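Visitor: Right, I'll just put the structure down here and ask away after.
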Amino acid sequence: MFIVACLCLPGNHSSVYSLLHGLPAMENGDIKTQLRDLVPEDLSMEEREELLNIRRRKKELLDDIERLKFEIAEVMTEIEQLTCVGERDDFNIKVLQAFVELHEFADLNLVQALRQFLWSFRLPGEAQKIDRMMEAFASRYCQCNPGVFQSTDTCYVLSFAIIMLNTSLHNPNVRDKPAVERFISMNRGINDGGDLPEELLRNLYESIKSEPFKIPEDDGNDLTHTFFNPDREGWLLKLGGRVKTWKRRWFILTDNCLYYFEYTTDKEPRGIIPLENLSIREVEEPRKPNCFELYNPNHKGQVIKACKTEADGRVVEGNHVVYRISAPTPEEKEEWIKSIKASISRDPFYDMLATRKRRIANKK
């Protein structure tokens, strides 16, 4: 038959598709007219009707595909919304409460409970959402382990202190690793004005030191995708530390760090500048326009804690007392300064902890 031959001949697939695609819908009343216009004259009536049925089925299939695509889009939107269990509205608060109650923390120390809790989902980026989720965790832990802490505020503060300890001990960008004595000192007076047992704090510290928290990976948020979700990126000129020459580098601002690369295709940065304790200011530079620099306001004249990769692959400390950088235009300079200032502003987590500690102190 013509239909079979046409579909099977090599090289005819695109022409057949063009023939079938975009045909107008046919009503039963004008089948004979449209058949005569749309199919070869040498086909029998049965062959023409069969071809017409194929075309109709194709159109129905395409319509079904479009409906399915729409339904998939709706479902994906709903799935994305399900990640926001830390939102403030009543429904999400109930979902958060039900989610936390699925966890059984009885007879677990606080680090063990946090390992279980943090492995079950990805913490959102917004501080307010994290605050609500950690509040729910603290309430559930105290419910499962009555008498361990004087209040849920104590559990909340210590949980945050443990999370920040995990970051300080295991983040390679943090040079100042807190000792156990510092961790104990930071958590004095948080148990409704009293001190927690030193042995408890030492055990929690050693647990985190020996094994960091494991966080489930996520396609958009995990650390392997750090450079694909930057706060800002672009070409800038950087003045050398020892040798005062200007070099063009690709800069990426993310996670309170400024990374620079030799090429946009490089997988590893040539240098990393942690922005903790740094400030930024505009400067006049006779040789280059649109300049700003990063500096340490508390330790003027000291080398900024940063690292860079040498040509032979060795990672060494940086040599900069200040990092002087030139943007291509005045507008880009202003945008970079604005973005970096936002990145190095006070961490909201410390504000939340300070608020909770004041609440505990007021109970004395």
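Glycine is no exception: its Cβ is also placed from the backbone N, Cα and C atoms.
From TrEMBL, here are the annotated features:
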- 44-85: coiled coil (COILED)
- 85-211: domain 'SEC7' (DOMAIN)
- 229-345: domain 'PH' (DOMAIN)
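If you look at the structure here, what lies around each of the features I listed?
Guide: A mean pLDDT of 74 is what the model gives for the coiled coil (44-85).
Here the domain 'SEC7' (85-211) is broken down by DSSP into helix, strand and coil counts: 79 helix, 2 strand, 46 coil.
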